[in-house]
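Now, the feature entries from Swiss-Prot:
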BINDING   CYS29, CYS227, HIS252, GLU256  Zn(2+) binding site
MOTIF     31-41  motif ''HIGH' region'
MOTIF     285-289  motif ''KMSKS' region'
BINDING   LYS288  ATP binding site
Amino acid sequence: MELRLYDTLSREKRTFTPLDPSNVRMYVCGPTVYDFAHIGNARPVIVFDVLFRLLRHVYGEAHVKYVRNITDVDDKINDRAARDFPGLPLNEAIRKVTEQTEKQFHDDVDALGCLRPTVEPRATEHIGEMRDIIDRLIAGGFAYVAADHVLFSPQAMNAKDGVLPRYGALANRSLDEMIAGARVDVAPYKRDATDFVLWKPSKPGEPSWPSPGGIAVQGRPGWHIECSAMSWKHLGERFDIHGGGIDLVFPHHENEVAQSCCAFHTERMAETWMHNGFLQVEGEKMSKSLGNFVTIRELLATDKFGGKRWDGAVLRLAMLKTHYRSPIDWTVEALHEAEKAIYDWSEFTKDATPAPCDEVIDALADDLNTPKMIAELHGLRRVGKPAELLGALQLLGIGRVFRQTIEIDVNAQALIEARTAARARKDFKESDRIRDELAAMGVVLKDGKDADGKPVTTWEIAR
């Protein structure tokens, strides 16, 4: 079997040959933990989980390392912490926000059937690596200190001879195009409009660390340097796959390439760059102003979208019906179609023992061709191969959902509402009794909070 993946940098589908087949390495940009993950955030999580599963199948579980970071230092986090916990010192409020949001993220992606990455590094745990890279860039003439900031110079990078790539190659943009697209209000301490921040001074009360480059005041990292540092720490100077959403190609991934290649004097940071396409909702861009902004948690736990809650397996299958590089239209109709298929497959495979299915593997090996993969799943159902269908579903992380869960859904939701009311009036004895009743129905509860901080309870059928 030949695995072929589309590389954003070369703009072609290429045979995937790992640098070391005994240690296949993949990095994917993870969440900034300040708010609930929305359904658009779920797309790269699901897409690269499927790739992770495929790589483990091909090379062995022990030989694949998947790193997905947690960004826990960011202006959005600071703003959310100050808003939600105005009575606490900012650093303590930030800790509460990041810990709570990270847990919410994990609960959501677990419900989507995603495996945990091999490593999930937090940015704040890698400040030393960030300073190290920045000092290398200053020493190499690629970065400079100005007004207590450290800035990277794409002009300096492109002026160097040798193995370094051209800045703008990943996004397929020239420096002139970038300058033309830069904002008019360029910071006065920048030498050039395309220069970007590696390190900046912290405001009073904000998270801060000793600065690189001999800067006397404490500061904090820019966004782009964080991923260069974490990928270097856990995967090395050069690794196999770097993934994320198409919106990250520029400037985030372009700047990662610049930082890492200049710091380590290499022509490539990752051998293959993969990016998933945008998501829209019912034919429109998702936005709060249009009222179509929906989080993973809302899809799982409320009737906001389509008048019902959706099982994580349904969301996962609906996401995979569109090829990862194409835009996806997230619709209620698509969810109903996915739900119908999963109900049918679940009944068909309920007495089966899983068996391998080469046709599904071959579809995935062709640049994660999930539409073809789903056609193969329907084909297995049509020709009566429950063992192969079950094996394929397990490989893909698509859990089985049975029709009787519809009845459980109605009863469980009523009991959950009664339990929520009991908890609100601090009747914990009644709350525990209802929890036990649900457990007897085979329902496992998970308590959390919604995007507004209100208590919300999700549930799943015990496996």
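Numbers here mean position along the shown chain, with the first residue as 1.
Backbone N, Cα and C atoms are what each Cβ position is placed from, and that goes for glycine too.
On a predicted model such as this, the values are computed, not experimentally measured, just so you know.
Structural mapping of features recorded in Swiss-Prot.
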residue : record              : contacts (Cβ under 8 Å, 6+ apart)
CYS29   : Zn(2+) binding site : PRO44, ARG68, ASN69, CYS227, GLY243, GLY244, GLY245, LEU248, HIS252, HIS253
GLU256  : Zn(2+) binding site : HIS224, CYS227, SER228, SER231, HIS242, MET269
LYS288  : ATP binding site    : none
Task: For the motif ''HIGH' region' (31-41), sequence-distant contacts whose Cβ falls under 8 Å of one of its Cβ atoms, 6 or more beyond its ends - done: 70-72, 74, 76-77, 79-80, 97-98, 101-102, 104-105, 108-109, 245, 278-279, 281, 286, 293-299, 315, 330, 450-451
Open item on the list: Using the Cβ center of CYS29, CYS227, HIS252, GLU256 as the Zn(2+) site position, which other residues in that chain lie within 8 Å, going by their Cβ?
Closed with: TRP223, HIS224, GLU226, SER228, HIS242, GLY244, LEU248, HIS253, ASN255
TODO: Take the Cβ of CYS227 (Zn(2+) binding site) and count every other Cβ within 10 Å, whichever protein chain it belongs to.
DONE: 29
Open item on the list: For the motif ''KMSKS' region' (285-289), how many residues does DSSP put in helix, in strand and in coil?
Closed with: 0 helix, 1 strand, 4 coil
Open item on the list: Just to be sure I understand the packing, how many Cβ atoms besides its own are within 10 Å of the Cβ of HIS252 (Zn(2+) binding site)?
Closed with: 17
Open item on the list: Helix, strand or coil by DSSP: which one applies to CYS29 (Zn(2+) binding site)?
Closed with: coil
